[in-house]
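Please read the structure below before turning to the comments.
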Amino acid sequence: FWTLWGWPSGAWTGNCVALARNSALVFPRLARKLRSPLYSVCVFDISPINTNGFVATTEPTSESTYLGSMPPKFGMIAALQGDLDTSDGVGKVYFRQDSSPVILRQAANHINRAFPEDDEVNPIHAVVITWVDVATHEPQNRDGTNKKRNTFQLVIASLETASYAIVLYPRDGIQFSSTPVGDSIAPMHAGFSKGVVQGFLFSRQGPYYRIITDDEASVRALAEGTNAGLRGVWVFEIGTSPYFSNVAPGEVTELPPDSSQQRVLEGYEDAVDVRRPVYPGEELTVSFPSPFEMFQLFSYNFGTCANSGNKCSNFADCKDHTSGYCCHCRPGYYGNGVQCVAEGKPQRMNGKVNGKVYVGNSPTPVEFTSNDLHSYVVVNDGRSYVAISDIPPSLGPSLQPLSALGGVIGWAFALQQPGFKNGFSIIGGVFTRQAEVTFLPGNEKLIIRQEFNGIDEHDHLAVSTTLEGRVPEVPRGSTVQIDRYSEIYQYSNNLVTSSSTRDYVVSLPDGSTETRTYQWRQTITFQSCQHDEASRDVKPTQMLSVDQVFVMYDANNELIRFAMSNKIGDVNGGQPEENPCFTGRHGCDTNAVCRPGQGTQFTCECAAGFNGDGRSCYDIDECREDPQICGSHAICNNQPGTFRCECVDGYQFASDGQTCIEVNRPVDHCEAGSHNCDIPERAQCSYTGGSSYICSCLPGFIGDGRVCQDIDECQPGRCHQDAVCYNTQGSFTCQCRPGYYGDGFYCSTGKTKTQCESHRESVLVARGPRPPVGHFIPQCDEHGAYEPIQCHGSTGHCWCVDRNGQEIPGTRIDHDGGRPPVGPTPRPDVHPLPPGTHLMFAQSGKIEFVPLEGYDMKKDDAKAVLHLPEKVIIGVAYDCVDKMVYWTEISSPSISRASIQGGDPTPVIKTDLDSPEGIAIDHLGRTMFWTDSVKDRIEVASLDGSQRRVIIDSDLVNPRAIITDPPNGNLYWADWNRDAPKIETSYMDGSNRRVLVKDDLGLPNGLTYDPQSALLCWADAGTHKMECMNPALGDRRKVLEGIQYPFGITSHGKNIYYTDWRRDAVVAVDRYAGRETDEFQPLKRTKLYGITTAYAQCPSGQNYCAVNNGGCTHLCLATPGGRSCKCPDHAVAVNCVESDSRY
């Protein structure tokens, strides 16, 4: 039965007429009528909720009178009104009256948040209407299988004296914002209409309050904006005088920081070291739940195990009930059925922390974004550890009293006393926690909001945390002590609350102490399964006992750490348990369950996924024991206590989440030649992913890319004043007038050598009096310009060049007209590399390679060369001598290597690393160099990890990219320090250090060096440019503008290849043409990190360390024209000799 909300007396009152049964839903008679001096409520025999996205308050007219013609003549509350269709069996409209305390409390929260200055209200009943997957109404012959569908919700919350409308729009956006009306399209509507009002003599259109305009953009903005402080939530007071005629909207239009954007760097969620620095400009990735999750507050679950059982955990069973289905964890696991974890197995939590916190009386907040939070819980004794990185000293000491920042994971996995359950056992891993901390006596307030998003693919509990408010200052150098405390948790339907008052002692640097106090109040909201009565059998109150509390702020590393022991049990304390399973003093392995027996007897049992006697447990490698466990076309990745399946390239998981099915590969129309761009001489086709592409005119042409016309470049000033300009297709030429000499851009009466003549002379003069043998000599025409066709006298190859003498790609042939086996080459005097060269790049959990054919990426042949689950790989480098790939990773900081011809990965350095990032190989001297952006230093070691030596450890802030120039003995690196980014160089021994570039840099993420052209090139994610320079000349020049977010970069001949975080792609750039030529997107769309070129044969060149280690006893480090013999740091050998030599 229903009760509709109250309306003011007057023209809106009187008899209430039922809606005709056309596109409306018909409901049972409403049972109650509310009355007050100002309000009257209509009681309908049938209650009109319309499939077209509105509720009618008086008898509606036919569709033709209001669709596309608003306002209507009848009363209407439009949540999202248009010509909508539910006849296809997919779209549905659900409704109910709900007076449960949880629903009313949630409705009150929305209302009170929307009207913060008003008195707090508490509704007494609510009506909930949800339009689910409704589509536009289209002709019958239209194929509806791929229709766009909208889901939205209207809640009417009523008091005795007021009513409110709460409208909720989906977090994944409004999918369509207009619907067909006859032969036209009309935007959808949202708002409140009073309909036609009958006056004494005449009737008139009553007030119409619109939430949106006639612009479709304003419709789409409903899911992005708010007037109630939460994205997509809109609240309106609709039933009190004097507002009804005008409708009173909510007053909070600003979104909290964590509501507007949630910062997540893919690939780093599985890191376990909290000291990892925040990477520059880490991409802001907005992550919202699906529409049904959006409506957890007012949810419906009419599914069955047959059609929805795959939502249960892999370690749960599904059970049907008359009103829906529920999931139940199997024996040996615990949780809410949707999320299940193995009993006894330690748990990890990873996430990001954002904050805006004022300290003491400071008028300026301390702001931080995307700081790492990591936690570890030994479940079988209740110990939890939490650490948060990059907390500045101005804030860190003052956060020490807030041990409860990580206390929620202590509650979630607390040691359970007999008959009681910890948080995860009851609600699983998907919930929202909000805590309000009030410090006494100053009344400073801090709000802590945490969104727990469940167990991720790496078996870690994912969380996003936001801190906002003010905390009293704890002076630097102070320590904080927190005694044991207890906190009572109260459980109700989908809601957990607790409150307490806590004391803490601050020990000041002068030796004195202060006892301080704060009040703590928290609310945890979650979605439980309402269909199983047994699942509701949770004790209404439980007590969390916390002792052995440890807090510390590490100013040197800017880390704050918390540790505590947690037990959940009876609020009355009860008899103290002596059994070691309940005290935590049992000695079982951390991966074991303690099983209590009689009295103090107990046994230890290894957790699921582990073997052993319970005192010692070791992981079961399910992948090795059952190689077919993941099925066909899948790869098994073992993890502690479990395993993870991943589909091989070209396959993806089916809807069951387990079977790998073949992917319908998109068509690259540019490569297939099925595009509609203009001819290649005038336009370029660029593949943009999927089956999409864009057409663009080449330089010298204008148009939309499908039709391009030549631009007449011969405008005044193009050529020298004493030259004549000749327009050509896509270009132009300049020629000096008779009696003048030059290249047309500069002409003089005295003969000046042209670019071609200077090029030709430099080759001839450099080789002495005899013509050089085996070298390319350019040919110039009678005016000194490059001949359009150039030929190599020794190889027999010919090619076309532009006016600057640069080879035009794709034009190289040999004398008999055939094309060379590999080409084109970047310069006439650079020979093509032999087949077998490929690009190698890092992606989350694996290293992949893409073969190169000439300079083209053979994208269909790309595949993973190494699978490294749970690893966050940053830098990659290749040793062309031993055919080994080296990489750095930060999840467990280390440097490792593996043969690309087969073999297991082998760590070479595992100690004294914090955040190793860039890595480079000297294949001649057999050494490797790397940067550490936490230790702020550059080190060198032998390729086996021995003989480590720090060569640069000063004036570095965020070093990342590093490369070597072995034949010349030079080292180059980039520092993306936001305040002063720079690119530097030194000899390989660290001497002769100097800054190459410091101006007009933003975030220089990647570096590469091309030995053939002697060019150092970099990609900048701050300036969005790619630039190059010759380090010896300092002739900096721009290659490309408008790149999005480059990370790694490498070069091969005329091409530069870089990884892009926003495009999730490897992008090829022709550095001579100054344009992108190709793009490769792996099937797994996650961020790509480092990239390197793996040559089939080592580049030519020698240095003095290449033979007999340069005569050095230990490290041989090349320098220009010599070498430096160095000892490793902390060398204990007495026979190490250091010396420098220059030749």
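Even glycines carry a Cβ here, placed using N, Cα and C.
The signal peptide annotation in TrEMBL covers 1-18.
Annotation comment: TrEMBL describes 79-241 as domain 'NIDO'.
Taking Cβ pairs closer than 8 Å, the domain 'EGF-like' (301-341) reaches residues 347, 424-430, 454-455, 459, 528-532, 535, 607-608, 655-657 in its own chain, all 6 or more past its ends. Taken from TrEMBL, the feature domain 'EGF-like' applies to 301-341 (among others).
According to TrEMBL, the domain 'Nidogen G2 beta-barrel' annotation covers 345-578.
Cβ atoms under 8 Å from those of the domain 'EGF-like' (577-618) belong to residues 315, 332-333, 342-346, 378, 380-383, 415-418, 565, 567, 640-642 of the same chain, restricted to positions at least 6 beyond its ends. What TrEMBL lists as domain 'EGF-like' is 577-618 (among others).
Taken through DSSP, the domain 'EGF-like' (619-661) splits into 4 helix, 18 strand, 21 coil. Annotation comment: TrEMBL describes 619-661 (among others) as domain 'EGF-like'.
Each residue in the domain 'EGF-like' (666-709) gets a DSSP state, and the totals come to 4 helix, 18 strand, 22 coil. Residues or ranges marked as domain 'EGF-like' by TrEMBL: 666-709 (among others).
DSSP labels the residues of the domain 'EGF-like' (710-748) in these numbers: 0 helix, 17 strand, 22 coil. The domain 'EGF-like' feature in TrEMBL is assigned to 710-748 (among others).
If you look up TrEMBL, you'll see 753-822 marked as domain 'Thyroglobulin type-1'.
Taken from TrEMBL, the feature disulfide bond applies to Cys791-Cys798.
Summarising the annotation, TrEMBL assigns region 'Disordered' to 810-834.
Here TrEMBL flags 821-834 as compositional bias 'Pro residues'.
Across all of the repeat 'LDL-receptor class B' (883-925), the predicted model scores a mean pLDDT of 89. Summarising the annotation, TrEMBL assigns repeat 'LDL-receptor class B' to 883-925 (among others).
Annotated repeat 'LDL-receptor class B' per TrEMBL: 926-968 (among others), in sequence order.
What TrEMBL lists as repeat 'LDL-receptor class B' is 969-1013 (among others).
Long-range contacts of the repeat 'LDL-receptor class B' (926-968) within its own chain (CB-CB distance under 8 A, at least 6 residues past either end) are made by residues 275-277, 280, 875, 877, 879, 881-882, 884, 886, 888, 895, 897, 907-909, 912-920, 974-980, 986, 988-990, 993, 1004-1009, 1011, 1018, 1048-1049, 1101-1103, 1105, 1109, 1114-1118, 1120, 1126-1129. Residue counts for the repeat 'LDL-receptor class B' (883-925) under DSSP (helix as H, G, I; strand as E, B; rest coil) come to 0 helix, 23 strand, 20 coil.
Residue counts for the domain 'EGF-like' (577-618) under DSSP, split into helix (H, G, I), strand (E, B) and coil, are 4 helix, 15 strand, 23 coil.
Around Cys791 (disulfide bond), taking its Cβ as the centre, 17 other Cβ atoms fall within 10 Å, counting all chains. For Cys798 (disulfide bond), the Cβ neighbour count at a 10 Å cut-off comes to 16, with all displayed protein chains included.
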